[in-house]
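Here's the structure, in structure tokens; my notes come after.
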């Protein structure tokens with residue numbers, strides 16, 4: 001027998017932002033037994049000695065007091081360092097462009113936090129993510145959030161049946177302007193707080209400065225694939241495939257873009273033109289595959305895929321190589337497919353799962369210059 005809301009304990013992860021504040025408010029209004037948890041994943045004292053986590057936690061305290069729910073802070077710094085930040089540095093060291101948000105959701109928010117919540121007697125965990133969970137045909141499905149502009153299933157692609165069975169996304173049916181309005185109407189302390197952007201542990205800091213604290217920069221040559229030297233780069237880790245800004249190449253003609261990396265010789269490859277053929281791939285090998293249903297649909301199937309967060313859906317055919325690897329054949333060549341990033345699969349609104357981009361091909365030839 002299903003429990004009534006007031007008998008159902010929901011532990012919600014609260015960041016001190018407007019989204020998780022409204023998610024907590026909605027759960028409370030729906031009658032659930034709600035506990036707010038602030039996750040401290042990073043020691044983020046800035047140059048002025050101000051710890052933004054302290055400010056965020058103070059906002060959580062204020063909102064929880066306004067809503068009338070208990071709150072706690074939990075420190076996951078060690079798990080975060082071991083599972084997310086170490087991966088982040090390893091990928092950059094290997095010349096790739098990682099996606100720490102995907103790893104954070106997999107290892108921290110829906111693993112360490114979920115385990116902690118269950119220890120607190122939780123029936124469910126909740127977050128302020130823009131996504132939906134539906135139980136259909138005997139399994140849990142993850143659907144895109146109604147707000148196309150804010151949908152976050154791309155970052156949640158590694159969640160499993162077990163995790164989804166214990167997860168609530170109260171904002172999934174709402175759009176951002178509605179959430180701001182609800183926060184305002186309820187007089188929540190976070191109603192006008194601006195959204196956080198970028199990688200959580202970098203915050204407002206300069207990316208180059210931050211990364212150089214952990215990985216020594218190794219400047220090198222910037223050249224075309226044919227060997228024409230165009231300048232110097234500050235370190236391969238500071239550049240991603242398709243990047244235009246920060247190259248410092250002047251002159252006439254089309255703008256210059258980073259098109260590849262040679263890790264062995266520490267060369268950044270560049271070329272001209274947004275639609276330069278060197279930036280396009282039509283086949284991908286991806287590893288670390290995770291399926292929301294815990295299994296692939298078939299050995300080969302058609303669906304759509306996103307190769308980065310802010311991207312239209314692309315029609316693809318997915319071929320299962322083994323339980324950890326897929327081959328993705330794109331209907332049309334796609335620009336700036338980047339090793340290390342997530343590729344996420346969809347069937348309409350349903351997120352099927354995702355994987356990590358490993359190798360990129362064009363017309364059957366591996367693009368070795370991608371690093």
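Using N, Cα and C of the backbone, Cβ positions are placed for all residues, glycine too.
The DSSP secondary structure for residue 15 (ATP binding site) is coil. Marked as ATP binding site by Swiss-Prot on the basis of sequence analysis: 13, 14, 15, 16, 17, 18, 19, 20, 39, 128.
Here Swiss-Prot flags 104-200 as disulfide bond. Other Cβ atoms within 10 Å of the Cβ of residue 200 (disulfide bond) number 16 in total over all chains. Classification of residue 200 (disulfide bond) by DSSP places it in coil, neither helical nor stranded.
The Cβ of residue 104 (disulfide bond) lies under 8 Å from the Cβ of 41, 80, 84, 200, each of these being in the same chain and 6 or more residues away along the sequence. Residues annotated as active site, nucleophile in Swiss-Prot, with sequence analysis given as evidence: 104.
Summarising the annotation, Swiss-Prot assigns site 'Interaction with tRNA' to 129 (among others). Sequence-distant contacts of residue 129 (site 'Interaction with tRNA'), defined by Cβ-Cβ distance under 8 angstroms and a gap of at least six in the same chain, are 19, 145, 152, 155, 156, 169, 171, 172. According to DSSP, residue 129 (site 'Interaction with tRNA') is assigned to coil rather than to any helix or strand.
What Swiss-Prot lists as active site, cysteine persulfide intermediate is 200, and the listing cites sequence analysis.
Residues or ranges marked as site 'Interaction with tRNA' in Swiss-Prot (evidence: sequence analysis): 341 (among others). For residue 341 (site 'Interaction with tRNA'), the number of other Cβ atoms no farther than 10 Å from its own Cβ, over all displayed protein chains, is 23.
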Query raised in the report: Around residue 39 (ATP binding site), which residues of its chain at least 6 apart sit with Cβ under 8 Å of its Cβ?
Result: 13, 15, 73, 74, 76, 108, 109, 113
Report task. Note down the number of other Cβ atoms within 10 Å of the Cβ of residue 15 (ATP binding site), including every protein chain shown. Result -> 20
Query raised in the report: For residue 17 (ATP binding site), what residues in its own chain, 6 or more apart in sequence, show a Cβ-Cβ distance under 8 Å?
Result: 56, 59, 128, 190, 193, 195, 196
